[in-house]
Amino acid sequence: VAMWIAVALLCCAALPRAGGSCPSQCSCSFHSLGEATKARTVLCNDPEMTLPPVNIPADTTKLRIEKTAIRRVPGEAFHLLHNLEYLWMPYNSLASLSGIPFKGLRRLQELRLDGNNLISFPWESLAGMPQLRLLDLHNNELTSIPPDAARYVKNITYLDLSSNKLMTLPQALIATWANLQAVPYFPNDNSKIILGLQDNPWVCDCSLYEMVHFLNFQSPNIAFIEPRLKCFTPRSLAGVFFSQVELRKCQSPVVHTSVAKVKTILGSTVLLRCGTTGVPIPELSWRRADGAQLNGTVHQEISSDGMSWSILGLPVVSYLDSGEYICKAKNFLGATEAFISLIITDSESTDDPNANGKGTWNGKASGMQAAAYNDELVARYIITTSTVPTLGAGAGTGDGLLLPDMAQDSNPQNLLVSPTMGQQEPERMVRSVRVIGDADQSITLAWKAPMAKNTTVFSVLYAVFGERDMRRINVEPGKNKVTIYGLLPKTKYIVCVCVKGLIPRKEQCIIFSTDEVFSAGGTQKLINVVVISVACVIAVPLTLVVCCGALKRRCKKCFVRKPKEIQESYVTFESLSPGAKAKGVEGEYLTRHTPDESNRLLSARSSVDSEAIAKIEGQPNEYFC
């Protein structure tokens, strides 16, 4: 009997521990899940609680820890809660969270962590919660989501990431949502997945392209808590809705160089150009392959077609500047490089037989010497600018096409003397290129091409002297004159005329300065003004004298002449019969029309003499002047 009593007491003592007692800082409640099943709910909301309770009953299905001072969750906090389905921990002070506390929670369906200070979330822990459907991370400090998160959210049908510090989302996550066909978490939800992405500082650049496209053309099984998302940066798009922005897809950088090798003379100025395309715009940098320090300046610019250019200027090059130069383009997608070889030679080794060793002209030589020096500048310009100039759209009919790439020729001068295959030499020869007209910001260029055909199309290439970019204007067939607009005042230019598609020779190019052209034009205009002024000074007094004299004679006649003479001063109408005239009368009429008739008709008494003409009675009269 005593033994049975002891066993009964042990069983009674063990009954409370099987269900577990409610923690001292929490409250417990039960709700019915069926006729014989009850679910336990534990609520802990003590503001002074700093750690989760350790004696939570094992049969708890819903745990709410709210508005406490808990900053971390120990790894063993929820290990015994195998029946837990709802874990709510909103508005605590959680700053970090690992995946260890969530091990064994395979029945968990809801995880609410909103209103904390989490800067990251253990996305890999979702793999141990296959029944999880709701994840609320609203109002935290999340700055990014790793691409691997896309592998663990396939079963999540309600995900709230709003009011965080997210600037972009990984493309893998966007693709997962776009292709997801999940069962809805809430009943009667029309198979829609609910996402909360609002109130984040989204950066509207190419990295957000997939997300903007996803929102604007969303899948029918996706619903957003707030679909009208806004850009936060850049400043030009701040506050603009995603539906109103047009973003470009990210692209890796691509490097473009005009030539792979540059050959120039000692002491000249060399410009090495490197262009790149990519989204976002890549950063360009220069370095030497041998690690030596760069002896030049770098200038960055963006062309009208969106290409970014970097220009490395090497003034007064020496033999130490010879070698390979590396241009590197880099953005967050990657980097790429291009090589340009620079070869420095002395003036005697150039292919120009008329090259001047001094390289300067003092302006005191004869006209032939000045012309020779001008030709030398043209030849040096074409060689120094790396054989084939880069062409852009000019002011006129320029189409911005590039000339054929002939940079593989090791001798740049050969490009200037070798005609293109299939092109006859006389047809490409343009002669007597000259400036014949000018305006404030334009010049008129003329040339001769006696051997050209009526179908030959000429190209006019021009650029600021010293710059490599040359703009092109295509001239219609049969014309040998063109006006170039948009020039800068007081600027030296080089202009070349050649058959379209060919490279100009040095004799087809001239150098001019707009200040000299404009001065000449101003002198001519001044001469025209002076001539017109002198003509006016001489002509106006003479005209006034003549007019005054004529007016004086007219007034004198009007006041002196008698009324009868005034009436006779007009030619009257004579009545002549159209019928037959008497012989004597007809003869008298004819004798009056002598060679002096014109003088008589101009006299004041002409109407008196005309009264002698005979009239035949009975016939209708006709009047002649």
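Heads up, the Cβ atoms here are built off N, Cα and C, so glycines get one too.
Per TrEMBL, signal peptide is recorded for 1-20. The annotation domain 'Ig-like' is assigned in TrEMBL to 253-345. According to TrEMBL, the domain 'Fibronectin type-III' annotation covers 425-517. Positions annotated as transmembrane segment by TrEMBL: 526-551.
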> For the domain 'Fibronectin type-III' (425-517), what are the DSSP-based totals of helix, strand and coil residues?
Replying inline: 11 helix, 44 strand, 38 coil
> If you average the pLDDT over the domain 'Fibronectin type-III' (425-517), what number do you get?
Replying inline: 80
> In the domain 'Ig-like' (253-345), how many residues does DSSP assign to helix, to strand and to coil?
Replying inline: 3 helix, 59 strand, 31 coil
